[in-house]
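Chemist: Could you have a look at this structure, given as structure tokens, before my questions?
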Amino acid sequence: MESYHKPDQQKLQALKDTANRLRISSIQATTAAGSGHPTSCCSAAEIMAVLFFHTMRYKSQDPRNPHNDRFVLSKGHAAPILYAVWAEAGFLAEAELLNLRKISSDLDGHPVPKQAFTDVATGSLGQGLGAACGMAYTGKYFDKASYRVYCLLGDGELSEGSVWEAMAFASIYKLDNLVAILDINRLGQSDPAPLQHQMDIYQKRCEAFGWHAIIVDGHSVEELCKAFGQAKHQPTAIIAKTFKGRGITGVEGKESWHGKPFPKNMAEQIIQEIYSQIQSKKKILATPPQEDAPSVDIANIRMPSLPSYKVGDKIATRKAYGQALAKLGHASDRIIALDGDTKNSTFSEIFKKEHPDRFIECYIAEQNMVSIAVGCATRNRTVPFCSTFAAFFTRAFDQIRMAAISESNINLCGSHCGVSIGEDGPSQMALEDLAMFRSVPTSTVFYPSDGVATEKAVELAANTKGICFIRTSRPENAIIYNNNEDFQVGQAKVILKSKDDQVTVIGAGVTLHEALAAAELLKKEKINIRVLDPFTIKPLDRKLILDSARATKGRILTVEDHYYEGGIGEAVSSAVVGEPGITVTHLAVNRVPRSGKPAELLKMFGIDKDAIAQAVRGLITKA
């Protein structure tokens, strides 16, 4: 254990005074807003005071400085006390706290990154610790810096499985630069938390997950100072026994006060009572950090060379992804890869082989994997690429949604999409993923159809802001592009055209190749079709689609290895809605599939070359 230097009585009293000022600010802000969670703030007041004004090292006027210690408020509903901390530190004006939750203020009801001191958005509970793990992993293994990471969790969110995924991850990777503080205030939103104040059980659970676990009185600044000063040979959990509404007579420890601001008259009485306990108005200055984090530049990362494929050769886009990522890894040591124990299927194992120190095995914990990536990406320290079966990203949709709210720049590659994976059956088939990722506000959705396009998608994703999703397929398909083909986000490609095309057919991945095969069948009948590769499903190349449709008598046929809802067909329909003389016909998977050979399943669900040819004939006959 490190030697513990007990703060003198003056410092301890100053920390107590700071905690009470944080309480007062939280109460004032929530009362002014008419909403918020003052009692949840009050249970954490001493924790926040000791953390920010005794333990943490940071530049108070530069919250995102790369050398600073990191803090994640996983119990995001306690945002007012986070804002109060930064006012106490001098970064925010005290008066700004009274604008909490106003549309004109950046002080949202829960933390968001438009605030310079917030790295990741929280409020959807159970996700903060995973992001903190990503920050700690980056600090220990990539930056090799001395900054530490602190995460404050509520006891209610400890029912979330994602918390324990993160606990396991931190232990496996020996994140001794990570401290989780559990604010055990006994009460959840509508009922007491399941373990209430059974502190020994919390301790045993943390220890079982490989953490150094310390029980403290969460309202004793001295005990907190001592706990934060303990040994750092493994991740540390400080299990703080606290009381919701601490310091408020008649409210402390009582149920039914969650998310309820105090009426003005009541707030004034409470504030007067708390204020009477403050002995000094003197503020504690933040301690600056050790400046040993390396300078990092992740802008404009480019492939070291063009693709090296040969037209006509066959490769699965999932394998092309692995090769492309490994190649991009040679362009920057800040390209990192994460996988959920599927690296031999997603082919991220190629990256691991070439860059073992930058590969993070997250095991079968997809929610945590996404949170880890978000943490790794904070402060522009890395460019993360996560991979697993596309179907399994659906489990992490809330984490992906919160990543968008966090303004995070992460890249997710989902393999094994659609019925074309074959015999493994419907549990492994991604048929909802396009709908899911299209709905995310900051997303770019790549759907490459050959090895060249896949390599370009990886390069573009590394340089595109927001959430990038790359959809890859299991079957091997022919290379259709030359290695020097230029690709851009939102730019589709015309793969096949003639002056007398009668229908525009839009497919991607496996179905693009089926469309090309259908074109060969139809050509024998003297029917020409135009074949489009959208490349990105979001954003969609509306202009090229409209131009092609107008050149083919207004007829568009979309074909996709995905359910009807939310996929390529609906994206195209939305793009052309209101345009006169244009009709869109959809071919897609229309029910829960089954096991079978890929060709059998494509035929069964009407998305193979024969179904496309038949649909084209039907459209022409209608005319």
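Just so you know, glycine gets a Cβ as well, placed from its N, Cα and C.
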Chemist: Name the residue, out of His54, His219, His258, that Swiss-Prot lists for the same thiamine diphosphate site as Ser40, His77, Gly123, Ser124, Leu125, Gly156, Asn185, Lys244, Phe392, Gln428, please.
Modeler: His258
Chemist: Starting from the Mg(2+) binding annotation in Swiss-Prot that includes Asn185, Leu187, which of Asp155, Asp176, Asp200 is the extra site residue?
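Modeler: Of the residues offered, the record points to Asp155.
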Chemist: Would you identify which residue of Arg205, Arg471, Arg474 Swiss-Prot lists as part of the substrate site it also attributes to His37, His258, Arg318, Ser345, His416, Asp424?
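Modeler: For the substrate site that includes His37, His258, Arg318, Ser345, His416, Asp424, Swiss-Prot also lists Arg474.
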Chemist: Would you mind listing, in sequence order, the residues at least six apart from Asp424 (substrate binding site) in the same chain with a Cβ closer than 8 Å to its Cβ?
Modeler: His416, Ser595
Chemist: Please name which of the binding-site residues listed here, Asp155, Asn185, Gln428, is nearest in space to Lys232 (N6-acetyllysine), Cα against Cα.
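Modeler: Closest by Cα: Asp155.
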Chemist: Hey, how far is His37 (substrate binding site) from Lys260 (N6-acetyllysine), Cα to Cα, in Å?
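Modeler: Computed Cα spacing between His37 (substrate binding site) and Lys260 (N6-acetyllysine) is 6 Å.
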Chemist: Say we define neighbours as other CB atoms within 10 Å of the CB. Which of the modified residues Lys6, Lys11, Lys260 has the fewest?
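Modeler: Looking at the modified residues Lys6, Lys11, Lys260, the Cβ with the fewest others within 10 Å is that of Lys6.
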Chemist: His258 (substrate binding site): which of the recorded positions Ser104, Leu125, Thr287, Gln428 is the nearest Cα neighbour?
Modeler: Leu125
Chemist: Compared by Cα position, which of the recorded positions Lys11, Lys144, Asp155, Ser295 is the closest one to Ser345 (substrate binding site)?
Modeler: Lys144
Chemist: For Lys11 (N6-acetyllysine), which of the recorded positions Gly123, Glu366, Gln428, Arg474 has the nearest Cα in space?
Modeler: Gly123
Chemist: Of all the recorded positions given, Ser104, Ser295, Ser345, which residue's CB has the most CB neighbours within 10 A?
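Modeler: Result of the Cβ crowding comparison: Ser345.
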Chemist: For the substrate site as recorded (His37, His258, Arg318, Ser345, His416, Asp424, Arg474), determine the largest distance between any two Cα atoms, in Å, rounded to the nearest integer.
Modeler: 49
